[in-house]
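Student: Quick paste from Swiss-Prot:
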- Tyr162: active site, proton acceptor (ACT_SITE)
- 15-39: NADP(+) binding site (BINDING)
- Ser149: substrate binding site (BINDING)
Amino acid sequence: MPAPYKDRFAGKKVLVTGASQGIGEATALRFAEEGAQVALNGRKEDKLIAVREKLPKVSGGEHPIATGDISKEDDVKRLVAESIKAMGGLDVLVCNAGYQIPSPSEDIKLEDFEGVMAVNVTGVMLPCREVIRYWLENGIKGTIIVNSSVHQIIPKPHYLGYSASKGAVGNIVRTLALEYATRGIRVNAVAPGAIVTPINMSWIDDPEQYKAVSSHIPMKRPGESREIADAITFLAAEDSTYITGQTLYVDGGLTLYGDFENNWSS
């Protein structure tokens, strides 16, 4: 689908974490289609290079690669600094990287729980901290969008760590939005529902589960990564300058449905 606003982000500098696939890749593509220079973060350089090859060229220069583990402080300090140096600035941060490990709650391993929290919570806090520091030092009124989940408000059986992490993300967004509103820094989240992405292949590849998931979404289908990218770019654009501290649910109406446990417990 072509970008609706070709030059909406012309001259803007964007950093997207978890940009090697799925929603992160779609988001990077949408920003670039609309004129932004995009720094691509992920752990595997070859995957990021493959994504970069899909992005249109923009006037700001090449889209830089910023490898690193967003749950590691030294990595985040480096990749944020490298991104800013390569692009000559930074206007938008998209915290997209996410991780989940299914397990009955009585069997969850501590290392698995901590691993999910490290990526989904620490991996949001650290990039936000480093980017906000840069903005405050340079008087920049930037925008942060965090990729959360409908599980920010709806429990997901067998995914205790994931549900807990997304609840934490919601409060990170609200806290930062309130703390820095007077400095012109906006912070919002998108909360995808059931989306066709690599992280959801367990049910996407199972015809029966795919049918069951789709049947319990009011719009009767899972979403596409580009639809989440549409929401993210809206929250980054001038169209949303009076919106901060909010979570935009992009879920086909999934959060309107009450019998979640019986349909998502597998």
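Cβ coordinates are placed from backbone N, Cα and C, and glycine is handled just like the others.
Describe the structural context of these features.
Tutor: A helical conformation is recorded for Tyr162 (active site, proton acceptor) in the three-state DSSP classification. A 10 Å cutoff on Cβ-Cβ distances gives Tyr162 (active site, proton acceptor) a total of 22 other Cβ atoms nearby, all chains included.
The Cβ of Ile23 (NADP(+) binding site) has Asn96, Asn147, Pro192, Ile195, Thr197, Ser225, Ile228, Ala229 as same-chain neighbours under 8 Å, each 6 or more residues away in sequence.
For Ser149 (substrate binding site), applying a Cβ distance below 8 Å and a minimum sequence separation of six or more within one chain yields Gly98, Tyr162, Lys166, Ala191, Pro192.
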Student: Hey, of the binding-site residues listed (Leu15, Ala19, Ala39), which one tops the CB count within 10 A?
Tutor: Ala19
Student: When you measure from the Cβ of Phe31 (NADP(+) binding site), which residues in the chain that are at least 6 apart have a Cβ under 8 Å away?
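Tutor: For Phe31 (NADP(+) binding site), the qualifying residues are Phe9, Lys12, Val14, Val16, Val38, Val92, Thr233, Ala236.
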Student: Please report the three-state DSSP label of Ala39 (NADP(+) binding site).
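Tutor: SS state of Ala39 (NADP(+) binding site) = strand.
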Student: In the three-state scheme derived from DSSP, which category covers Leu15 (NADP(+) binding site)?
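Tutor: Where Leu15 (NADP(+) binding site) sits, the three-state DSSP reduction gives strand.
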